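Structure first, then comments.
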């Protein structure tokens, strides 16, 4: 019987509220399946860790995360720690670096069909949107040299190596998990930037060599940003892009489903091809929202769907992943929702409903 070790970083403010509901789902899976054991370890990260230890990430917590099979994260940060020399985000950046999570995966779709009415886009524009953004996390301008040249001028540099691009591109293999395979989009600014020309050249060569059966299309980032508002279904499939462009385009995509409380993400340390262990950090894309924490009104769906991603990418448990998604869909369609998507249910009521529905689906 496989035993999976999961480190839980509940984090700050409403982080513990949403991870509590995600853990309910994990417990249902363990109860309903004889061939899986889940060992959960609670550790502090971010502001909670600063308050307890004066350190946003202790050596003990880091070691546990690196040795785990997966990490479940709630949310970190808040104005309480925002201007200090020691900040919550330092802990998160450190754990990502030490775990080697060089790629981030963010899906953009509707967890339930009726949620289309909550999108800021017209239903005729956004209905059927379903793409995944794969963002390179460890290269580019965020990790380049910074220089203050004069009092009125500064400079940031964007370095990218072929090796970094070669490492992220094979994640497009996720397109092969569908029949027929999904199209793959690579976003860059090759008409202006030298790094983007290297990006396009490398992506083209890697895709032709390793995935000749997949269709790859190149799109300029500014054009893609326009398409995402005008006709986002055109981008359905797998989107691969650099750190800066991925940061911006994934935030643009996040508004399509209508609430940040609906969208999960995964930062992975390898290629989830079933050939080896792939640790990852699974978390909702929203922040810690101190203004509504503790009121029982936050949406736990993104945290619950992060567990579905964990089941699929770190554990290779596709049936359980699809069951979680179906449970969420059924509960939302039944009208059990938090206020951000037109309902009146509390955080725990949504979590309880999803757990109960999942238990029925797994019988």
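Cβ from N, Cα, C; glycine included.
Record features (Swiss-Prot):
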type: BINDING; residues: 78-89, 287-299; note: NAD(+) binding site
type: BINDING; residues: 96, 106, 135, 222; note: substrate binding site
type: SITE; residues: 142; note: site 'Important for catalysis'
type: SITE; residues: 189; note: site 'Important for catalysis'
type: BINDING; residues: 222, 247, 251; note: Mg(2+) binding site
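A Cβ within 8 Å of the Cβ centre of 222, 247, 251, the residues given for Mg(2+), is found for these other residues of the same chain: 221, 225, 244, 245, 246, 248, 249, 250, 252. Between the CA atoms of residue 86 (NAD(+) binding site) and residue 142 (site 'Important for catalysis') there is a gap of 19 Å.
By the criterion of other Cβ atoms within 10 Å of the residue's own Cβ, the least surrounded of the recorded positions 135, 189, 295 is 295. Counting other CB atoms no more than 10 Å from each candidate's CB, the binding-site residues 78, 82, 287 peak at 78. Within the same chain, residues at least 6 positions away in sequence whose Cβ sits under 8 Å from that of residue 142 (site 'Important for catalysis') are 243, 244, 247. When secondary structure is read from DSSP and collapsed to three states, residue 106 (substrate binding site) falls in the strand class. Residue with the densest Cβ environment among the binding-site residues 96, 106: 106, by other Cβ atoms within 10 Å. Taking the C-alpha positions, the distance from residue 135 (substrate binding site) to residue 251 (Mg(2+) binding site) comes to 12 Å.
Here residue 222 (substrate binding site) is positioned 8 angstrom away from residue 189 (site 'Important for catalysis'), judged by their C-alpha atoms.
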